[in-house]
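Note sheet for the following structure.
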Amino acid sequence: MAVTLDKDAYYRRVKRLYSNWRKGEDEYANVDAIVVSVGVDEEIVYAKSTALQTWLFGYELTDTIMVFCDDKIIFMASKKKVEFLKQIANTKGNENANGAPAITLLIREKNESNKSSFDKMIEAIKESKNGKKIGVFSKDKFPGEFMKSWNDCLNKEGFDKIDISAVVAYTIAVKEDGELNLMKKAASITSEVFNKFFKERVMEIVDADEKVRHSKLAESVEKAIEEKKYLAGADPSTVEMCYPPIIQSGGNYNLKFSVVSDKNHMHFGAITCAMGIRFKSYCSNLVRTLMVDPSQEVQENYNFLLQLQEELLKELRHGVKICDVYNAVMDVVKKQKPELLNKITKNLGFGMGIEFREGSLVINSKNQYKLKKGMVFSINLGFSDLTNKEGKKPEEKTYALFIGDTVLVDEDGPATVLTSVKKKVKNVGIFLKNEDEEEEEEEKDEAEDLLGRGSRAALLTERTRNEMTAEEKRRAHQKELAAQLNEEAKRRLTEQKGEQQIQKARKSNVSYKNPSLMPKEPHIREMKIYIDKKYETVIMPVFGIATPFHIATIKNISMSVEGDYTYLRINFYCPGSALGRNEGNIFPNPEATFVKEITYRASNIKAPGEQTVPALNLQNAFRIIKEVQKRYKTREAEEKEKEGIVKQDSLVINLNRSNPKLKDLYIRPNIAQKRMQGSLEAHVNGFRFTSVRGDKVDILYNNIKHALFQPCDGEMIIVLHFHLKNAIMFGKKRHTDVQFYTEVGEITTDLGKHQHMHDRDDLYAEQMEREMRHKLKTAFKNFIEKVEALTKEELEFEVPFRDLGFNGAPYRSTCLLQPTSSALVNATEWPPFVVTLDEVELIHFERVQFHLKNFDMVIVYKDYSKKVTMINAIPVASLDPIKEWLNSCDLKYTEGVQSLNWTKIMKTIVDDPEGFFEQGGWSFLEPEGEGSDAEEGDSESEIEDETFNPSEDDYEEEEEDSDEDYSSEAEESDYSKESLGSEEESGKDWDELEEEARKADRESRYEEEEEQSRSMSRKRKASVHSSGRGSNRGSRHSSAPPKKKRK
């Protein structure tokens, strides 16, 4: 397949080169012709000559000479390359070629007969302008006979050579959209390799305490780019490293990109990593510092470094001088932390593109070049030779911090970060457990390993009162939470005591302020019912007087026909009547006299001389009242929806075309009756969803309480869900939950279709669905990463933890409820379910009984006026995982066997909060015996219940048994180990415990015999006073022999 050349791109770019040359700025002013020659050298990775070729043609052409004259261009290359260049040599009839000089192609011969071609090029140079000065890339020196003979030919002619590296670099620094897409792809691959491979590998090394050399880890990163899973869908053949990854730690730091990773072992302190990946010849770069257990001082210095990067991003704007950018950052260092001025890197980054580092676009104090929209920079800031005061070992005393990103200069506003790898302390910090916690866990693991047949009794003697099971730890933590809960709730309610809740009064509707404003219609004079649509009033004759009633006072109307008469019955709202759920029960003047109902009667028989029947007026009144009532109620409902709506700021539109955008999404709830597709776009201060019909829904970042991303793993839709702080209006309703989703598979299945297990169509469909899921997930993740970068991570998307999910029914149907870091959510079903954990006071589990397969969960909020949330039908198997999750979130939970009347409970608390907490507060939900006073006694009695208690026969046999039987008994009652909670019993050995058990057993048996004798005497006394019908019934089941009844 022939290699194609992008002709349009060539013409655009060569015109830009000539345009800048003809402007005559800087070195261009002195140049008569430009000569670029490229030889063969495998060691040269970056050179201006090859960069210019790649920029113009898309490929690197070795052993090729390019001469750019004032009115012509000459390319000399091998026959095969000349064939490739013929695609742009024929410019006739090509409108894109207008303004670009004509091309002459010369074929390079393999022998030394190239003199005639060299002479043609020399002649062309002499004819171009003054023909004396040539622009060259002085640093580019290629070996080989062909290059040597050409350079000798140039030197013989005595041309003045001027280095034009800087001006050509500035010309090609502004990237076109196609180039930017390649650089964005390169940046995303770099981010993927860092996140999914390097960061994970470092965490594994730290977790396992491995000894790994920097050089070995760097080699593994280079190998990782050969695997497709890290390349974000790119072809591995188009991906290469810009330079070998640089990994440094343990006090030896050199914050440059020319160094290599040493062979020292990685030290678990500040670990700097720099890596750059090249995609289709375009470079990207990323630098991060991973910190293991950083001290507070290290974290403060790192946060200051992030602040400097933010300042640098703000200064990188179109038209600003590069030196001004550098000075602005240095001013921040001088003002806030002058002691770090000599620690910061000498330059703050450099221009990047086809070449990794553009020397003429370095961000330092001397660079006078102006920034232009479309330039891409690698910004790199770091502090070296910092002293760690808490460091004890030599490698811990010195550390460095280094961060860097690939960024794009925009027209207005700060530069856009292309490498979307999070860099806050919480994202790059690796916090380990302290040694005490590790030792505890190790001891626990060793103890578990020791547990075996015959060893349990031995282990029981070693168990101390300080050792706790997971359940005991959970209970202890819950006990602490219970004490905190009551104290905080009491304090909160005390603070709220002064706030009086404003009771909403029912609106008084006055139709006419005085009688003169009433309409003068004939119907009113004729004592007929008249409806004034303008003032929404029904004027009725009452005792011969036209009386106005506003439509709001009418509850309902009914009409019936009985014989020759039509009856119209009108019912009114009045105190004491049953009102609708949304109607207030408060009247402006409840002491006034109210009309409850009025009934009118009219004849259905037309009298002689009348045109219509009298009942027609009632029929018309009935119809019009219904219409007016409907219109009034619709308007009232809309006004009620608008009540309490907080006015939002206006959305600031970002006119940049590179805004994060997702297409082909549906919105829930629907804007119209039918669902419509649209696109979601992120702007400066919020999102805008635009439907295909043109409807717009704006969601501001500062109004988002929870931003959730529900991947399509195990689901039929992929969702972005926004739970809002304040409701927004669209579709004439208020909404606090808005989500955008797209379907990933067939929601419905054709049951009539005959399917075969190995049907190719089905297999192909499944493969297509898998690819679609992966594609959608990648698109959504890229969108989220761009949004988080755009908002400086002020808006962070939460992904539900599916592993912690459990089934339950918060509404009518069962769904999978999944925790996130700050909420409990279900976003796939509608209506959605979102509970913010910070607003939760406590969780109560109801109907927790052994014989039931499921239980209910009640969520009580800190705002006691808010209705509790019920989640029904949760499987019992989920109880322990839910408890563990709630405990880890520091949420108090209780459980009980009954369902409680929560409406009554919450009303009692709200009415008398002080009395509620004086009586123990929420402790009434605790199971009996878990109070603070009775806890020790309960634990002791529990131990007594669970301790091995032999029967009388067993006791007699034990006298003759060997010691081996004790170990078997201990094995059978290993749970007694867990029940030894008191200080006294945990300190005694097995023999002493057995002896105590025998004594307790003998005492209990004696007490039982005493109790039986007392009960027998009571029964005998009762039988004396009875009639004798059941006299023998009481002694029938007694263990004592029956005695004769006294007479």
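The chain as shown is numbered from 1 upward.
Each residue, glycine too, has its Cβ placed from N, Cα and C.
Less than 8 angstroms from the CB of LYS139 (N6-acetyllysine) sit ALA47, LYS48, ASP163, SER165, each of them six or more residues away in the same chain. Annotation source Swiss-Prot lists N6-acetyllysine at LYS139 (among others).
Applying an 8 A CB threshold to same-chain residues 6+ apart, the list for SER188 (phosphoserine) reads ALA232, LEU418, SER420, ASN782. According to Swiss-Prot, the feature phosphoserine maps to SER188 (among others).
The N6-acetyllysine annotation in Swiss-Prot covers LYS196 (among others) and is backed by a large-scale study or a structure entry. In the three-state DSSP reading, LYS196 (N6-acetyllysine) counts as helix. LYS196 (N6-acetyllysine) counts 15 other C-beta atoms within 10 Å of its own C-beta, drawing on all protein chains shown.
Taken from Swiss-Prot, the feature coiled coil covers 432-507.
For SER455 (among others), the entry in Swiss-Prot reads phosphoserine, with the evidence type a large-scale study or a structure entry.
Marked as region 'Disordered' by Swiss-Prot: 492-518 (among others).
Per Swiss-Prot, compositional bias 'Polar residues' is recorded for 499-514.
Residues annotated as phosphoserine in Swiss-Prot, with a large-scale study or a structure entry given as evidence: SER650 (among others). Using a 10 Å Cβ-Cβ cutoff, SER650 (phosphoserine) registers 9 neighbours.
Within its own chain, SER658 (phosphoserine) has LEU180, LEU408, THR416 as residues 6 or more apart in sequence whose C-beta sits under 8 angstroms from its own. Residues or ranges marked as phosphoserine by Swiss-Prot on the basis of a large-scale study or a structure entry: SER658 (among others).
For THR903 (phosphothreonine), no same-chain residue that is 6 or more apart in sequence has a Cβ closer than 8 Å to its Cβ. Under the heading phosphothreonine, Swiss-Prot lists THR903.
According to Swiss-Prot, the N6-acetyllysine annotation covers LYS904 (among others). Applying an 8 A CB threshold to same-chain residues 6 or more apart, the list for LYS904 (N6-acetyllysine) is empty.
Feature annotation from Swiss-Prot assigns region 'Disordered' to 918-1047 (among others).
Annotation comment: Swiss-Prot describes 927-973 as compositional bias 'Acidic residues'.
Annotation comment: Swiss-Prot describes SER979 (among others) as phosphoserine, evidence class a large-scale study or a structure entry.
Residues or ranges marked as phosphoserine in Swiss-Prot: SER982 (among others).
The compositional bias 'Basic and acidic residues' annotation in Swiss-Prot covers 985-1005.
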Inter-residue Cα distance where the pair is SER650 (phosphoserine) and LYS196 (N6-acetyllysine), in Å:
39
Please report the DSSP secondary structure of LYS904 (N6-acetyllysine), reduced to three states.
helix
Taking DSSP as the reference, which of helix, strand or coil describes SER188 (phosphoserine)?
helix
Across the whole of the coiled coil (432-507), what does the mean pLDDT come to? Round it, please.
59
